[in-house]
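A.B. asks: One structure, pasted below without further comment.
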Amino acid sequence: MPRSPGTRLKPAKYIPVATAAALLVGSSTLFFVFTCPWLTRAVSPAVPVYNGIIFLFVLANFSMATFMDPGVFPRADEDEDKEDDFRAPLYKNVDVRGIQVRMKWCATCHFYRPPRCSHCSVCDNCVEDFDHHCPWVNNCIGRRNYRYFFLFLLSLSAHMVGVVAFGLVYVLNHAEGLGAAHTTITMAVMCVAGLFFIPVIGLTGFHVVLVTRGRTTNEHVTGKFRGGVNPFTRGCYGNVEHVLCSPLAPRYVVEPPRLPLAARLKPPFLRPELLERAAPLKVKLSDNGLKAGLGRSKSKGSLDRLDEKPLDLGPPLPPKAEAGTFGGDLQTPRPSSAESALSAQRTSPPTPAMYKFRPAFPSGPKAPFCGPGEQVPGPDSLTLGEDSIHSLDFASEPSLDLPDYTPGGLHAAYPPSPPLSAADTFSGALRSLSLKAAGRRGGDHVALQPLRSEGGPPTPHRGIFAPHALPNRNGSLSYDSLLNPGSPGGHTCPAHPSAGVASYRSPYLHPGAVGEPPRPPPRSFSPVLGPRPREPSPVRYDNLSRTIMASIQERKDREERERLLRSQADSLFGDSGVYDAPSSYSLQQASALADGARGPALRYGSRDDLVAGPGFGGARNPALQTSVSSLSSAVSRAPRTSSSSLQADLANNNAPGPRPGSGSHRSPVRQGPPSPPSTPRSPSYAGPKAVAFIHTDLPESPPSLAVQRDHPQLKTPPSKLNGQSPGLARLGPAAGPPGPSASPARHTLVKKVSGVGGTTYEISV
């Protein structure tokens, strides 16, 4: 009567088996003590030997039927067939020797019972080839112990027959002394044996029939094969042989050993300090095989040691270099990658485990601030490490570290710009005067672009992403810091001698322009447009991505182009104006963009194309064409003009008295090499985009005689010339080789008046 571990001991279960054992052993003992001695002397000594052998055989089979495993199937795990527990049908059919046998789902053991298997309600187990649960042996009778139960019945029946028979012999021989003790005890044993003889003999006969027919008690009672064919029968002889002589079926449930494991695990399986407190391993067996679930409970010591372990189990951070030192391999920045850094220090605070994949935060000052009078070190005086370049202090700010673009990309790279000359400085000063005067008179404020002579190399935008235009301490880039740098670079800062400023190379510049030292901005001689400090804009684009910044820049360029076109239209159809042509390109291509990435973005017409057009009556006035062509030749020869003529022209412009030419004319000497604009240009367009027209409304007056003698001008009637306004008719050359004019020369006297704030006005009298 095996019991599963953990089940409680119930005394009521052992009353039948204890009674059966007591009656069996007690009656047999009394028989051997009081009856067998006389039978040995009177009948034969073989009588006690025979009864003794049968009695031992009964006890052996009784013990085997009681304590042997009947063939219990182990229960399924809680999670083994969890889905099948809800979706499985109640029955399944299997084919046994060509006959369909139904299997039922066991809700307790969580599997389909095999054929001839049944769940015992007393033992609460599924037993293979379940016959019945016998209370006299306190065990289920199944495949593994049915043989011993059957032999117990046979031997017990034989023993009871022998006890009753030999006891009857003894009583018949002692009939005159029934009151004697021996006769009374023999009669009591016969009564007990006779009392149990009828059921035992009946039960033995019943099982003999079941064995010969190959059935079990459960199948016979339930009537499974009552009207059909039993697929499990082997014939009469085969069935008896299978029950008595077949090998013992295997056992499916193995109880865990009660003794602790003698073998002790050593490293690397367990740590040495936890061997003493390690819990025993638990091994679970199932019908599907051995399950490798070695569950080990965690002891308090192991949990304490887990608390002592560091939580940061990630890869270690790279070693820190000494502050202010850079490796030998970090001296030259790579020109192919975008270089940007905010701090020259390489030390960073320790990174927590949850932030170990974020960029390091430098602990030193970001970008050193220098006043207007201080000098800031340029990129040529500082060598940056590779890791300092790429470890930006951008936690949530966009990174401007853009890669170089190919010609098919967003923007094209440009060749390095030529060095500035003195003509750039003077031409910039003259344009500053004309721009301020035009702005005072109500004209549109248009950003002046650097003028470039024909045939010269294209000038890239300087000062757009200069070293002094880096983001401030928190790493944000503002609209003003991108377009209006605060302080010139290329100098040293006495306030911060040890800190360096990292340079930023724009993706729109040529790679060859990275290593060039920054050029100082042109000094303007205008008292109005001098350098004045400007507060940065409060609006900042801190958390914008590259795409948004590019769209903002494109919109700014589009607005600039529209403003240029409006200014051009106003100058074409206004009363008076000033025309500054970057080169002698055709006006017909003014609104067309360049096909190549290196071509100019906008092309404006020259003076000869503008005057020779249909609106200017070039076809109807050949003299006007001759005058304008002379101006174009003077413009193309402007870079070769000597500095003496340039200074003379500047002196004439600044003279307080009358000067040659009207206020609407400009000397061709001004068409020199390009100079940087007062307002930075957009990096999206690098061609010679022209500031086409700056118009001023000036009253006209007759010119002086000196102007008549020195510079013969193109005279136009006061009303219109060939249907055009007077301002457009005065587009002839201001200085050039004398030639015949198209109409009588018109002479005006120009006076120079100084206004408020140092502004100089040119008034025609």
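Placement of Cβ uses the backbone N, Cα and C atoms for every residue, glycine included.
According to Swiss-Prot, the protein has these features:
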ACT_SITE  CYS134  active site, S-palmitoyl cysteine intermediate
COMPBIAS  301-311  compositional bias 'Basic and acidic residues'
COMPBIAS  671-680  compositional bias 'Pro residues'
MOD_RES   SER337  phosphoserine
MOD_RES   SER606  phosphoserine
MOD_RES   SER627  phosphoserine
MOD_RES   SER675  phosphoserine
MOD_RES   SER682  phosphoserine
MOD_RES   SER725  phosphoserine
MOD_RES   SER743  phosphoserine
TOPO_DOM  1-13  topological domain 'Cytoplasmic'
TOPO_DOM  35-52  topological domain 'Lumenal'
TOPO_DOM  74-148  topological domain 'Cytoplasmic'
TOPO_DOM  170-190  topological domain 'Lumenal'
TOPO_DOM  212-765  topological domain 'Cytoplasmic'
TRANSMEM  14-34  transmembrane segment
TRANSMEM  53-73  transmembrane segment
TRANSMEM  149-169  transmembrane segment
TRANSMEM  191-211  transmembrane segment
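Walk me through where these features lie, including what they touch and how far apart they are.
C.D. replies: Around the Cβ of CYS134 (active site, S-palmitoyl cysteine intermediate), 23 further Cβ atoms fall within 10 Å across all displayed protein chains.
Away from its own ends, the topological domain 'Lumenal' (35-52) comes close to residues 28, 159, 162-163, 166-167, 169-170, 173, 182, 185-186, 189 of its chain (Cβ-Cβ under 8 Å, at least six residues beyond either end).
Within its own chain, the topological domain 'Lumenal' (170-190) has Cβ neighbours under 8 Å at 27, 30-31, 34-35, 38-39, 42, 163-164, counting only residues six or more beyond its boundaries.
A mean pLDDT of 51 is what the model gives for the topological domain 'Cytoplasmic' (212-765).
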A.B. asks: Report the listed stretch (14-34, 53-73, 149-169) having the maximum count of Cβ pairs within less than 8 Å of the transmembrane segment (191-211).
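C.D. replies: Comparing 14-34, 53-73, 149-169: 149-169 has the most Cβ pairs near the transmembrane segment (191-211).
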A.B. asks: DSSP on the topological domain 'Lumenal' (35-52): how many residues come out helix, how many strand, how many coil?
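C.D. replies: Secondary-structure breakdown of the topological domain 'Lumenal' (35-52): 15 helix, 0 strand, 3 coil.
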A.B. asks: Six or more residues beyond either end and a Cβ under 8 Å away: which residues meet both conditions relative to the transmembrane segment (53-73)?
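C.D. replies: Sequence-remote neighbours of the transmembrane segment (53-73) are 1-2, 17, 20-21, 24-25, 28, 32, 109, 111, 113-114, 117, 123, 125-130, 134, 137-146, 148-149, 151-152, 155-156, 158-159, 162, 249, 251-253, 287.
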